[in-house]
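Structure first, then comments.
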């Protein structure tokens with residue numbers, strides 16, 4: 001994401017955390033606008049620096065979108081890869 005780089009496995013873990021929060025009964029969960037993966041104890045360590053940024057929620061959402069496709073090959077999910085499409 002921009003100049004930030006994260007491992008694909010960590011981004012997949014982030015997606016699991018974010019998706020897990022969305023599948024809980026909506027009456028029992030805080031709105032997604034106030035949800036932050038930074039509050040998750042299982043958040044990979046490499047995202048801790050993102051949590052200190054004001055644009056953290058936007059960064060996490062873009063990373064989540066990057067691995068949204070279940071059948072997306074791991075090579076094409078890598079932002080450093082060129083010519084995948």
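Even glycines carry a Cβ here, placed using N, Cα and C.
Taken from TrEMBL, the feature disulfide bond covers 38-51, 73-81, 76-84.
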In the chain carrying residue 51 (disulfide bond), residues 6 or more apart in sequence that have Cβ under 8 angstroms from it
36, 38, 43
Other than its own, how many Cβ atoms are within 10 Å of the Cβ belonging to residue 38 (disulfide bond)?
14
